[in-house]
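Trainee: Pasting in a structure now, in structure tokens, and then I'll have a few things to ask.
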Amino acid sequence: MNAAPLVGYSSSGSEDEAEAVAAGRSKPGSGLHRCGQNPLPSQRFPVPDSVLNMFPSTEEGPEDDSARHGGRIRTFPHERGNWATHIYIPYEANEEFQDLLDVLLPRAQMFAPRLVQMEEFHLSLSQSVVLRHHWILPFVQVLKDRMASFQRFFFTANRVKIYTNQEKTRTFIGLEVSSGHAQFLDMVSEVDRVMKEFDLTTFYQDPSFHVSLAWCVGDARLQLEGQCQQELQEIVDEFEDSEMLLRVLAEQVRCKSGNKFFSMPLK
């Protein structure tokens, strides 16, 4: 059996949670006073816990509690000041697309009951990487410059395929792109140039561009490849107006860094 293609998500799903939040940098006090004059004494009283609890620290990232994220495990440990960053093309699901999912998911769950629908849909143009907080705005500006020349285009995603993340801790059912591949390669080429400028990991050598539909914890390839994949493909092929439904207009590139989103409209 061939190995399932890899997807560019972190194990905790960079698209559905911030891996880290920015760390504030304390500034040294001025400590200035006139020559020969002692500074005024000061006394700092402790802040009551009841008050501190009203204002969670922005320097602390989310706890690495996999139970809070559907059993997902972080690919990289949280460090203060590090932001998980992901570049992608968003896909806004309409009612007809949800109707298709309502048929696909129950069939897939017959083979892998732990499967759940993705909370949002997108097509990745990068792996999930870690940015230092002070890199975010320069990174986004360079990315915007690289994306400025790209025009909107249609692509079709209609081939059912099974994916895993690099650590084999999550499995995905996706719809692979069957048209528009060349345009995505051009975009990834520019995204990779940005990554190299910031000494970050580039995208996969031979990417399989796709929109993930559902996922589960663990390596479920044995359950999902073969008969299940074939049955899901038949559902897609026979679904009413699937040819038009799965033809998507790429209108913008989006960068998610921690809990911040940056949109770059295509021309």
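Cβ from N, Cα, C; glycine included.
In case it's useful when we look at the structure, here is the feature table from Swiss-Prot:
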ACT_SITE  His122  active site, proton acceptor
ACT_SITE  His210  active site, proton donor
BINDING   His122, Leu123, Ser124, Tyr204, Asp206, Pro207, Ser208, Phe209, His210, Val211, Ser212  AMP binding site
BINDING   Gln166, Tyr204, Ser208, Phe209, His210, Val211, Ser212  UMP binding site
REGION    1-72  region 'Disordered'
Trainee: Three-state secondary structure of Val211 (UMP binding site) from DSSP?
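Mentor: Reduced to three states, the DSSP call for Val211 (UMP binding site) is strand.
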Trainee: Using the residues the record lists for UMP (Gln166, Tyr204, Ser208, Phe209, His210, Val211, Ser212), what whole-number Å value is the largest Cα to Cα distance?
Mentor: 17
Trainee: Cα of Ser124 (AMP binding site) to Cα of Phe209 (UMP binding site): how many Å, rounded?
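Mentor: A Cα-Cα distance of 7 Å.
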Trainee: Nearest to the residue listed as 'active site, proton donor' in three-dimensional space, by Cα, is which of the recorded positions His122, Gln166, Tyr204?
Mentor: His122
Trainee: Can you tell me the three-state DSSP label for Ser124 (AMP binding site)?
Mentor: strand
Trainee: Does Phe209 (UMP binding site) have same-chain partners at least 6 apart in sequence with Cβ under 8 Å from its own Cβ, and which are they?
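Mentor: Same-chain residues close to Phe209 (UMP binding site) (Cβ under 8 Å, separated by 6 or more) are Leu123, Ser124, Phe155, Ala157, Glu176, Val177, Gly180, His181, Phe184.
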Trainee: Out of Gln166, Asp206, Ser208, Ser212, which of these binding-site residues is nearest His122 (active site, proton acceptor) by C-alpha distance?
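Mentor: Closest candidate to His122 (active site, proton acceptor), judged by Cα separation, is Ser212.
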Trainee: Give me the Cα-Cα distance between Gln166 (UMP binding site) and Asp206 (AMP binding site), rounded to a whole Å.
Mentor: 14
Trainee: What's the number of neighbouring CB atoms sitting within 10 A of the CB on Ser124 (AMP binding site)?
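Mentor: The Cβ of Ser124 (AMP binding site) has 25 Cβ neighbours within 10 Å.
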